[in-house]
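Record features, source Swiss-Prot:
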BINDING   G94, 97-98, T102, 104-107, 122-130, G134  5-phospho-alpha-D-ribose 1-diphosphate binding site
BINDING   G94, N125  anthranilate 1 binding site
BINDING   S106, E239  Mg(2+) 1 binding site
BINDING   R180  anthranilate 2 binding site
BINDING   D238, E239  Mg(2+) 2 binding site
Amino acid sequence: MAWEHLRVTDTPTWPSILGRLTTGQNLGTGQAAWAMDQIMTGTATPAQIAGFAVAMKLKRPTSAEVTELADVMLKHARRIPTDVIGNETVDIVGTGGDGANTVNLSTMAAIVVAAAGVPVMKHGNRAASSLSGGADTLEALGVRIDLGPEQVAASVAEVGIGFAFANQFHPSYKHASAVRRELGVPTVFNLLGPLTNPARPRAGLIGCAWAELAEVMAGVFASRNSSVLVVHGDDGLDELTTTTTSTIWRVQAGTVERLTFDPAAFGFQRAHLSELVGGDAEYNAAEVRAVLGGAKGAVRDAVVLNAAGALVAHAGLSSDAKWVPAWEAGLARATETIDSGAAEKLLARWVRFTQKL
C-alpha cells in the first residue's frame with residue numbers, strides 16, 4: 001500500500017490528517033490510504049471515521065486521494081473471478097444522494113444493456129436516502145441479491161448480467177456504513193460505491209449527484225484506463241436526465257473531456273422531474289415491469305437514454321469509437337431491445353437463474 005512506504009517521521013495520525021483536512025489542505029501521498037485502512041480494519045473509532053468522512057467532503061477530495069480510498073477498499077473486498085467473465089464488462093451505477101427519489105433508472109438500463117448483448121457487472125446497494133435502492137428493487141422483482149463471487153460471475157457468464165450487492169462484497173466497510181447512516185448527509189464515502197465494483201469492469205455509465213465531484217471521479221477512472229461516462233444531470237440527478245441537459249465527463253484512453261449533452265438533439269421530449277419519481281421497492285418493481293413490457297412515456301425515455309449511454313461507454317473500449325454515431329447506434333439498440341421483448345425475457349431468465357443457485 002502507498003502508506004506502507006511513508007518515512008517513519010511521516011507516520012500518519014488522526015490529529016495530523018484531520019488537522020490538514022479541516023484547514024483545507026490536501027493530504028500527502030499515502031495518508032488517505034492509511035486512514036481508509038484504519039477504517040476498514042476496525043481500528044478507527046466512529047468519531048474518527050465521521051470526522052474524516054465529513055472533513056474530506058468539505059475540503060473537496062482530489063482524484064489522488066479518492067484513488068487511494070478506493071484502492072484500499074478494493075484490497076479488502078471479496079473479488080469476483082474475472083477469469084470467467086473478463087473485465088470488458090460495464091457497470092451502470094450512481095452515487096445516490098441526489099434527493100430526487102426517482103425510479104431505479106440505472107437498474108432498468110442495466111437490464112436493457114445486458115439484453116442488447118453487452119455483459120453487465122452491476123454494483124449496488126440498498127437505499128441510503130431514497131425509498132428504494134437498486135438492491136431493494138431487484139429483490140422485489142425476484143432476483144436473488146445475496147450471491148457470492150462465483151455465483152455472480154456465473155450469472156454474468158450465463159445470463160449476461162450479475163449484481164454484486166455491496167454488503168456481500170465489502171464486509172470490512174461495515175465500520176464506515178454504520179457511521180454513514182448515522183450522519184445522514186453525503187460524505188466522501190458516497191463517491192466510493194461506483195469506484196469499488198469488485199469485478200473492476202473497464203466500462204461504465206457512472207452518475208454523480210455533485211457536479212463539483214464528478215470531475216474527481218472521472219480522474220480516478222482515467223488513472224485506471226477505463227472507458228467511462230461520468231454524468232450529472234443539470235437538474236441535479238445522478239443519471240442522464242431528460243428534464244434538461246446533462247454534463248458528461250467522457251473518460252477514454254486516460255483523458256477526461258467535459259461535454260454538455262442535450263437529449264433533445266436526439267429527439268427526446270423534455271420531461272418533468274415529477275414523471276420520474278418512484279416509490280417503495282414494490283412500486284419501483286412495477287415500473288420496471290411496465291417499461292420492459294413496452295409502456296411508453298418519460299420513464300422509458302430516461303431508461304433508453306441511460307442504456308444508450310452505457311452502450312456508448314462500452315463502445316469506447318475500442319479506440320476508434322465516434323461520439324455521435326455511437327449514440328445513434330446505442331439509442332437504436334436500446335429501443336429495439338425493449339420493443340422486441342428481449343429485455344423482458346432477460347429479466348425473467350435472470351430471476352430463474354439466481355433462484356436456482
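Placement of Cβ uses the backbone N, Cα and C atoms for every residue, glycine included.
Features per Swiss-Prot, on structure.
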residue : record                                              : Cβ within 10 Å
G94     : 5-phospho-alpha-D-ribose 1-diphosphate binding site : 26
T102    : 5-phospho-alpha-D-ribose 1-diphosphate binding site : 24
S106    : 5-phospho-alpha-D-ribose 1-diphosphate binding site : 25
H123    : 5-phospho-alpha-D-ribose 1-diphosphate binding site : 26
N125    : anthranilate 1 binding site                         : 20
R126    : 5-phospho-alpha-D-ribose 1-diphosphate binding site : 17
R180    : anthranilate 2 binding site                         : 19
D238    : Mg(2+) 2 binding site                               : 28
E239    : Mg(2+) 1 binding site                               : 29
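Within 10 Å of E239 (Mg(2+) 1 binding site), judged by CA to CA distance, lies none of the binding-site residues H123, N125, R180.
Closest by Cα distance to S106 (5-phospho-alpha-D-ribose 1-diphosphate binding site), from the binding-site residues N125, R180, D238, is D238. Between the CA atoms of G94 (5-phospho-alpha-D-ribose 1-diphosphate binding site) and N125 (anthranilate 1 binding site) there is a gap of 11 Å, rounded to the nearest whole number. N125 (anthranilate 1 binding site) and D238 (Mg(2+) 2 binding site) have their C-alpha atoms 15 Å apart, to the nearest angstrom.
Secondary structure at T102 (5-phospho-alpha-D-ribose 1-diphosphate binding site), taken from DSSP and collapsed to helix, strand or coil, is strand.
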